[in-house]
Each structure stands twice: as C-alpha cells, then as structure tokens.
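**Student:** If you scroll down you'll find the structure; I have some questions about it.
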Amino acid sequence: MTSDEKSATRDIYDPNTLPDYDREFIEPDDLRQFEKALNAPEAAPLVALNDWRPVNQRVRKSRRTKPRRSKDETREGVLYTVLKWPFLFTVFAWITVLGFAYTLTRLYIFLYEQFVTWRGKREQLRRELSMQTNYQDWLKAAQALDTYLGNLKWKETDEYAYYDHLTINKVVAQLKQTRKAAEMEMQNGRPGLSDPPAVEELCFLLEACVKNNFAGVENPRLYSETYSGTKDLVQEYIDEVHSCIRLVLDSKQISNEDKYQFFKHLDTNFGRTALCLSGGATFAYYHFGVIRALLDNDVLPEIITGTSGGALVAALVATRTDEELKQLLVPALAHRIRACHEGFTTWVRRWWRTGARFDTLDWARQCSWFCRGSTTFREAYERTGRILNVSCVPSDPHSPTILANYLTSPDCVIWSAVLASAAVPGILNPVVLMTKKRDGTLAPYSFGHKWKDGSLRTDIPIKALNLHFNVNFTIVSQVNPHINLFFFNSRGSVGRPVTHRKGRGWRGGFLGSAIEQYIKLDMNKWLRVLRHLELLPRPLGQDWSEIWLQKFSGTITIWPKSIPSDFYHILSDPSPERLARMLHVGKQSAFPKIQFIKNRLKIENAIMQGLQQCSSGGGRVMSPILSRRRQDRAQEHADRMVERLDQSFPERQSDYKDESHYAEVSDSLSATSSRPHTPDARRSSMFEEMRRQSAVFFDDPDMYADEDAVTT
C-alpha cells in the first residue's frame, strides 16, 4: 500500500473530514416547541346533549381500567367466541411446523449450491467478484465469470421467451433508417419542401416505442441470466432510442413548443424511477453502501423514499449535494450515529416508566443533523433537486397513512417525519409532526395528531409514488431482517443468475425450489386467513399482520447480505469498522443492478433534459404530472379566495352576475349568427353551468375528476 492510499484510508476514518461534523443545525426553540407539542393533551370534541345541559357534564368514572377493543371490532356469536383461540393456536402451531420445514429446505439448497455447483474455477472467479470495491473492477470480474460460464452466447442470441424480439428488431431497424435520413436532412437540407421532415417521422416512432417496459425490454429476467449486461439486441435498442431522442432535441426543424409537447408525452408514457429504502432498525445502515454505489456511477434517482431507518438515510441523501454525500458516506460517519448511546439501566427505567426505550427529544436532536436542522420537504427539494418521501402511519389504526413530500406536506419538518416513521411501539412513542410557519417557528402539523412507524403498513409505498410522481419503476433496497430470512429467487435475480445448469436451471434443483415456494406460500396463506377472520390479537393497539403480508419488493430489489451479529447489534450504534463492512456489503449488493439502472435512466434522463431545455423558463423542470398538480392546487386556492371575497362582499356577487348575464347574451347573439342551433350543445352548457354553481356550495376538486379524465 502506497503512502497516498494509507493517507486516504486514514481520512475515511477521521470524523473531522466530514462536512459540518461539529455543527448543530437545530435551534433550541425548535426542540422546545416540539416538546410542547408532545406534552399537549389530545384534542377531544365538545358535544352538548341540548341547550340546557352542560357541555362538560360530570359523569361517574368507570371502574373498568383495562382497555377493551372498540365496538366495531367486537365479534358476536357463540362459535366465534368458542373457536377463536383454539383455531388461532392450531394455525400458529402449523405455521411453526412450516417454519421448521422451510429452514431445513433452505439449508439443503445452501449446501447443494456450496458443495455441488460452486467448485473449482467458478468458485475462484466468484470469490474474486466479491472482493472488488469499485464497479469498474467488479464489471471486469463479472465479464470474466460470464466468459467462463458461456453466457456470451446467450447475449448474442436474440430469441428469448420473456420479451418480443421480433418487434424490437423491427423497431431498431426503423429507428436507424429514420435517424440516418434525419441526419442527412440536417446536413444537406430537405430535398422536397412538400414532404414532412424525417425528424417528425422519428418523433412518431419514438412516441410509439418509448413506453414503460415496451415489448418486455425492462423485464428483470433479461438481466438475470448473466452477471453483466443483457441481450445485445436489448442494449442496441436502448442505445438507439437514446440517440434518436438526442437527435430530436438538437434538431432545428421542430419548434421548441412542439419539442416540449413531445417530451411531455414521452415522460408521461415512460414514467419515473424511484429509490425506495426499507426499514429495519440498524440494518438500514446497509443503505449507505447502496447509495454510495449508485452515486459513484451517476445512477442515483431524484425521487427517494424511506421508511423507519431508511427514512433517516433518505433524509441525509435528500438534504445533501452529490459532493457532500461523497464526503459523508465513509466509515467516519459512524461517529455521528449516536441514537443508541444510553446505557442499559437508563433505557430500562425509561421503558418501565413511559413504555418506550428511547427518548423522543434526544432522537430529535440526533436526527436533526442528518436533516440539516429544521429543513422542510420543500426546502430540501429546492436545495438539492431530490424529491424526498417519508411514510408515516397514524397512531389511530383506522386512519389512512400519508406519504410526506414537498407536494403533500411542503412545510413539514423532515426530522419530525423521520421520527414518526421510526416510532415502533415499545421502541419510540408516537410523535407529532411539526410544520414550519412563515416566521420560521414550528407548530404542530395535522391538528397535533400523532404518528408512528411507516413499516407497519407501507414499507414500500409504490402506489402512492405512482399517484404523486408517475413512478412505475422502483429500485428497492430491502434490509428488513424478518423479510431477508424468506428472500429467495428460484430462477435468479438481476446480475445473480442461477448457478445450476449454467443459469438455465433452478436453485437447488427443481424439487428444492418447488418445496421452498410451496412452504412459503402456505405460511402466507394462513397469515391471510387469520387476518381476514380478524383472529389476530393487537399488541400495543397495532395490527402487526402487515409487516408480513405487504409487498416488499420492486422492479429491482437489492438485498444486502446480513450476518448473524447484525441481529445482536440491531439496536446499537455501529463502530467505524462495522460501518465500513456495511458500506462494502451494500455496494457489493448494488453492483449487479447498475447496468439495468443505467439503461433505464439513460432514456429517462434524456427525456428530462429535453423538458428542461425546451421549457420557456429554462430552469429546473419537474415532470408534467407534477406541474399539473401544482397548477391544480394554485387554481383551487384561487377559487377559494374568490369564494371568500364573494361571501365578504355580497354586492360583488350581484355585479358579477350582471356582467356574466350581459356576456352570456352577447355570446348567444354572436353564436346564433355564426352557427346553427344545437340543442345538445345547449344542454351540455346548461349542465356545465349547474356544475359551476354547485361548486360554490360543494367545493370538492375531486368531484368531477373521473368525468374530466374521460372527456379529455
């Protein structure tokens, strides 16, 4: 090791090299406001029986102190009462038997792969692959392993059952031909002015093929047969589409307005990519390595969501620039992770007194450094351009979850959302979300309601991301320990092909994979039966079935490989050496997915660059769906302002009605002179007028959303 390498190694363990290491971002007043909101009594509705009965009537205190289930959860009937607990114990006993059988099956598959498939030269190449610390060296080792296993022949063959190779061949040929014709016109001019330019035909072709998973080119199976890359035809298609998009962007034969509309269509059809970081207590520190691998290869998506421990990592990423992240994601970061610094006697006394192991105010102080103080979701987006999303679950089991971001809660303070997303019952009590007012002070958000761990219901909020940001391609970094135990891809995963029969077989043979799938599906079935029959108890007032039954994977799922000691340190701060290992493992788990992500973002970034260059402002441009959502919100706010003015000044309404009457008479006279009488048009205009009038009393912007979607 040279002197420069030794110096670099010392630097990554030196906490003084971290940006803002000694800086405390949060203000003491912010913590005092947060403490005040936590200690505030729960708001209770005031209801009087009638005009002469007092509101706060003194009633006799109930003798019952033990909490009971609410009325709507109580099941009537003799059979339910008699059979509930015997059936519950029987199912749990059967699940225990299935769990033991599943453990034996996984042990058999592990031994089969270790002693039957991984031997000799291939085992040596695989060990070299796992020792690489950067993507370039890893890619060379992966290509060497593919060459030894004979995977290059699979890349050269176009036919494959999981995508339409005939369609892709035709599209590539047409794109090449049209692109060359457009390039000739750009150099030599158009031969005939009456014919449409070739670049317009190229736009029509791109609008037809630039779609999410067009003809199956984004099927993960296309990247699961080799350690590096995919089919040569698929790679050729990706490169050709990118070249054509660049040509349209540079063309002078299309106006900027037409280009902007063109890229809006492509963005809507192609969608966006999001990085989803799961929860998992201190297992979430594996996310740091995943982030570092994506950052070093320029494939870190702009949309990031995190839950529980993943929310802390996502907040760090969304509030820092790329240069700051490269300095922060090193082993020295462990010196700033102090959430579990208290001793055994301290947290035991707190748990006995409050029901929570950790102190909420101390966690708020520690968490604020990762969020740059009381930064809001909007401020983070304006600083870095990244869209942060945090899943929060209300303490009330019947209320819906929220996905906090700069659209749904722009002024919400990030560290309060991170604490709420990490508030596991028994670990941290439910917390109040805080919002930043115009004067910079903090106040309770959402009427002071309390929130808790988002992993309990929505660890990976795929539906909400699609609703708000048109996300249809998700990169999930999954580190939940109770899910990792059951992770198994019988046919391999992206960049991790099956070792059996040169990647064409099943892990552990077909019989081993079949038994594994059957046992896992049977356990899942019985858990669903218990949930739908409402037989599961609710410890700490929470339905815990969703921590097993929700979807935990995405289009690409990254599973960092944990070790047994991680379970022992599940609620303890990492040392620099332990964090260095987690960074290495996280990067290693992300390397096989880099090429797939590069191909996806290659087209997506080209589309977003086209939107940015062709927009009138020329600045940062959000997706058209996001801009439309902002416009709708601004219009709704303006409509409510007009309504308040009308209520305050009645004479304004009468003047407006008179003016609108004269305008309608004038429009009707001009309409009768220019076009024939159309009863259908008049009927529709009458319904439109009724709808506008009803909106004054029923101001619901979603009332006619479906009708507008059909008519547009």
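Placement of Cβ uses the backbone N, Cα and C atoms for every residue, glycine included.
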**Student:** In Swiss-Prot, which of 306-310, 436-440, 616-620 is tagged motif 'GXSXG'?
**Tutor:** 306-310
**Student:** If you look at how Swiss-Prot annotates this chain, which of 1-20, 381-400 comes out as region 'Disordered'?
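**Tutor:** That would be 1-20, per the region 'Disordered' entry in Swiss-Prot.
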**Student:** Can you give me the average pLDDT across the domain 'PNPLA' (275-466), rounded to a whole number?
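**Tutor:** Here the predicted model's pLDDT, averaged over the domain 'PNPLA' (275-466), is 91.
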**Student:** Could you tally the C-beta atoms, other than its own, that fall within 10 angstroms of the C-beta of S308 (active site, nucleophile)?
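**Tutor:** Taking all protein chains shown, S308 (active site, nucleophile) has 29 Cβ neighbours within 10 Å.
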**Student:** How would DSSP class S308 (active site, nucleophile) in three states?
**Tutor:** coil
